[in-house]
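Per TrEMBL, the features are:
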type: TRANSMEM; residues: 29-49; note: transmembrane segment
type: DOMAIN; residues: 50-145; note: domain 'CopC'
type: TRANSMEM; residues: 176-196; note: transmembrane segment
type: TRANSMEM; residues: 208-232; note: transmembrane segment
type: TRANSMEM; residues: 252-271; note: transmembrane segment
type: TRANSMEM; residues: 298-318; note: transmembrane segment
type: TRANSMEM; residues: 324-353; note: transmembrane segment
type: DOMAIN; residues: 394-500; note: domain 'Copper resistance protein D'
type: TRANSMEM; residues: 403-420; note: transmembrane segment
type: TRANSMEM; residues: 440-459; note: transmembrane segment
type: TRANSMEM; residues: 483-501; note: transmembrane segment
Amino acid sequence: MTGPRRTAHDTGTIRDRGAPWRAGGVRRVLAVLGLAVAALLATALPASAHATLTSSSPVGGAALDTAPDRVTLSFSESVSIKSDAIRVLDATGTRVDEGDTRGGGSASEVTVALRRSLGPGTYVVSWRVVSADSHPVGGAFAFGVGGPPDAGAAAAVPSGGGGSRAVGVSLGVARLVAFAGAALLIGATFFVGVLWPAGARRSGPVRLIAAGWLLSLAGALGMLLFQGPYSAGSGMSDVLSLDPLAVTLDSRYGQLLAIRVLALLLAVPLLRRLPVAAAAAGDGAGDGAGERAGRRGLVELAGLGLVLATTMAMIGHASAGDRVWLATAVMTVHTVAMAIWLGGLCVLGLALLDGSARSTRAAHAAGGPAESSPAGIGADLDPPVEPGWAGELARVLPRWSRTATIAIALIVLTGTVQAWREVGAFGALFDTTYGRLLLYKLWFVLGVLGLGLLARRWVRRHFQSTSAAPVTSLAVTGLRRGVVFEIIVGAAVLAVTSVLVNTVPGRDSYAPPFSRTAVAGPLTVDVEVAPTRTGLQTIHVYTYDPQGRPQRLVEASGELTLPSAGVGPLEVPLAEVTDGHAVAEGVGVPLPGEWQLRFTLRVNDFDQYVTTVFYTVR
């Protein structure tokens, strides 16, 4: 249904009152937003997906003769902090720091002063910072004054990585709402503006676009409000506080969200005139100037959609690692393709197909029952689609079929590139949370591909074959059911994605257990360490005599050293649990690198043996 043609006077109205469509304020502000996004992308430094502690003063496990005057931590990337980012506790749990964490000599260094005249004893450093990709990370380690720290002291103190579960869940929900809104807004606008211009004059597509805009805005505002308490590890009571919001807005994460909110507000006048623009650009209405004005409006909307998608790509794992600009470009294409596919499905299933089915049923009911012949009874049970809607289906569905095929291909291609970048190792697909979530997402995408192939066959059978099947009410209803199911699967993909963006990538969390067999004199020693990443580790030592039987130990001890950083030796408190099997739990390993693990094994009052193994800590 193309609607009435407009006169030259009508298109003049489009030009005169359609100021948002002209090269004026909208395009200037759009250019400013684009430059702001480009500037944030250009200033993004290479970083890991989550900040990791690379050095500390004092180091974890250190035994100091005199108390230090401050604690300084260095990270693998620039970090954001709050005043109590570092907490130093004594053996009674009392804070002994001055409570004012500050930046150090660089953006990746933080420091806090300690109270004077600390006495001998064990002290635990608990820290929490926000990495470049907006995710909080934390940890804890111990050092001693006047002797080594007590074994397991750091394990007894909660690290700074915790936080309110309610805040974390709320932030995840806000992120999912933002994803769904962007998909609906970008995809529905594309569908109406490019594939179905006549749909802009119908209430169904317009309501979907409005819903997408509202969800996008609500999600962005929710992310702004919840990010501050989430980063600080505080509770829901701080959600509406100004201080956490100010900290968020001062970060790259907050600035990108602010740009997204501005882009959404700027889109309001453009979306309100979408029916006029789509008609002038796509229906051949009016003179050349009116058509150019309509196309210019659609181009400006596309520009705002690109800004929206880019801000989404830059808040997440694409903003960290090597070649950030390339990863951001890949993720932006992935986001736009996903939005065109999923948002387009919503318009297709909930507006175009639903509208045609409803109109056909209404027209058939108004026309009364068919004649009592077999053909009439068949038409009564499954009437042909109303002619006006049949024409729209014939125009739109082949276009959508081609568009969806391209979108799915781009989703799979860019998703594969990003997955390869974030997983890092094949084993990480199965041994990390990120990898397993990615596999779930893959299964959902495969389901979408199957449903898409069925829909494509339907379109070919009814519109693209030489002997096209009749387009009847039941046929359209069957296609609509398939599309709705595809939307449900697509929503599951979005849900998994919203969790993925807040999960440590496989390349950073993959820490396969270390296992090595060594020789200590006549003894065979099997060593196992898990996990092989910074933080608390568990070390198992299995000792066998020359006959392969478990060798009972009179005494076992171990120590860790990181030669490249001059760290250690750190005590490894081994305790024999069965004959030949000793365990050390809660061993604090503060830094990544190639660690040396040295064991001294005494089998009687006269004989003891020493062996050394090396393993890599991520």
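Placed from the backbone N, Cα and C atoms, the Cβ positions cover glycine too.
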(request) Take the transmembrane segment (483-501) and find every residue of the same chain, 6 or more past its ends, with a Cβ under 8 Å from one of its Cβ atoms. (result) 172, 175-176, 179-180, 183, 315-317, 338, 341-342, 345-346, 348-350, 353, 434, 437-438, 440-441, 444-445, 447-448, 451-452, 455
(message) Can you see whether the transmembrane segment (176-196) and the transmembrane segment (440-459) are touching - at least 3 CB pairs under 8 angstroms, only pairs 6 or more apart in sequence?
(response) no
(request) Could you tell me how many residues in the domain 'Copper resistance protein D' (394-500) are helical, how many are strand and how many are coil under DSSP? (result) 94 helix, 1 strand, 12 coil
